[in-house]
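Visitor: According to TrEMBL, the record shows the following:
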type    : residues                              : note
SIGNAL  : 1-23                                  : signal peptide
BINDING : TYR85, ASP167, PRO168, ARG169, GLU170 : spermidine binding site
Amino acid sequence: MKKLAFQFTVALAVAVSASHVVAQGAKQTLRLFIWSDYMDPAVIKDFEKKFGANVVIDTYESNESMLAKLQGGGARYDLAVPSDYIIQTMVKSNLLQELRAKNVPNLKNIASTFKSPKYDPGNKYSAAYQYSATAVAYRADKVKNPAQSWSVIFGSEDKIRFALLDDPREVIGAALKYLGYSLNSTSTQELAKARDLIVKTKAKKGFVGFDGGPGIRNKLLAGEIDLGQIYAGDGLQGAQENKNLKLFIPKEGTTISVDNLVVLKNAPNRDLAEKFVNFILDAKVGARISNYTQYATPNGAARQYLDPALKSNQALYPPAVVAKGFENIREVGSATRLYDRIWTQVKAR
Ligand code: N2P
């Protein structure tokens, strides 16, 4: 009896480990490089189940840090989610490969405003994923009736504890807007003024640090800061958890950016990556993602499935990509080096 039980146990162990090996071998892996907190984990589970795949996610907090990591060459991902303005830089750096439209029939679901955008004519490389404006979020129980202006950050007020996005174009852009310039300025003088303003702002007693959108949301919820620059969706997620967390769009104007799914040149699994893009562009899946992340969807077919509160949030998500006061971040050509240098200086001081 004992011997039988032993044999049975051994046989079972062999069977279990063999099936484990088979399952492991059959499973494909998809490596996704994406902004933090920018995907519904339940959608990932469904994709894994449907395609017998394993999705590995790695995150970043700015386009520039994403680009630096990809240019460094060490990391291999199938997909990334860059914003509009950085896509042509990625194309020139030979980091992207074409999206084969025949493998992504759900491209048809993208609303016409977001189809074939200037930054990627014909959707050769990219499919719009989600978009958002950048806002200021604050704790209404700590800051009473703040001016609806970037002055809450860049002005002389020194008691408010605040954080800024760890994102060069967002921070330099907000300073430029506060000073009355375009957030795509290429003027050396204007950029020098923006740099000096950020350095001065960093020296304020209330400045807590730079962080990603989700980090700033969590600091606001934990009461570690009273106010912060934030991507609207991350702010709205926080507002769902604490009704004292409120958002406004500064009257001087702000950035709006469309983030896109792209397949990377050295993707280990190009076919699976395209299956993923197509899956994400499904109408119901697209709505589930936005209902979870609180970002706006460029997926026209998904809109009917959006939570009504999100759908009606026109203040944060204007129906046209650029509404009054909003400005798209653009590729600034040779001035990019100036922005990079300013960011290095700002972070170093
Ligand atoms: C997600 C941030 C994505 C928005 N946390 C940046 N455009």
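Just so you know, glycine gets a Cβ as well, placed from its N, Cα and C.
All TrEMBL annotations are machine predictions without curation.
The model shown is predicted, which means the values in this text are computed figures rather than measured ones.
What's the neighbourhood like for each of these?
Guide: In the three-state DSSP reading, PRO168 (spermidine binding site) counts as helix.
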Visitor: Over the residue list TYR85, ASP167, PRO168, ARG169, GLU170, recorded for spermidine, what is the maximum interresidue Cα distance in Å?
Guide: 14
Visitor: Under a three-state reduction of DSSP output, how is TYR85 (spermidine binding site) classified: helix, strand, or coil?
Guide: helix
Visitor: In the same chain, outside TYR85, ASP167, PRO168, ARG169, GLU170, whose C-beta lies within 8 angstroms of the Cβ mean position for the spermidine site?
Guide: SER62, ASN63, GLU64, SER83, LEU165, VAL171, ILE172, GLY173, THR255, ILE329
Visitor: With Cβ-Cβ distance below 8 Å and at least 6 positions apart along the chain, what are the contacts of TYR85 (spermidine binding site)? List them in sequence order.
Guide: ASN63, TYR119, ARG169, SER257, ASN328, ILE329, ARG330, GLU331
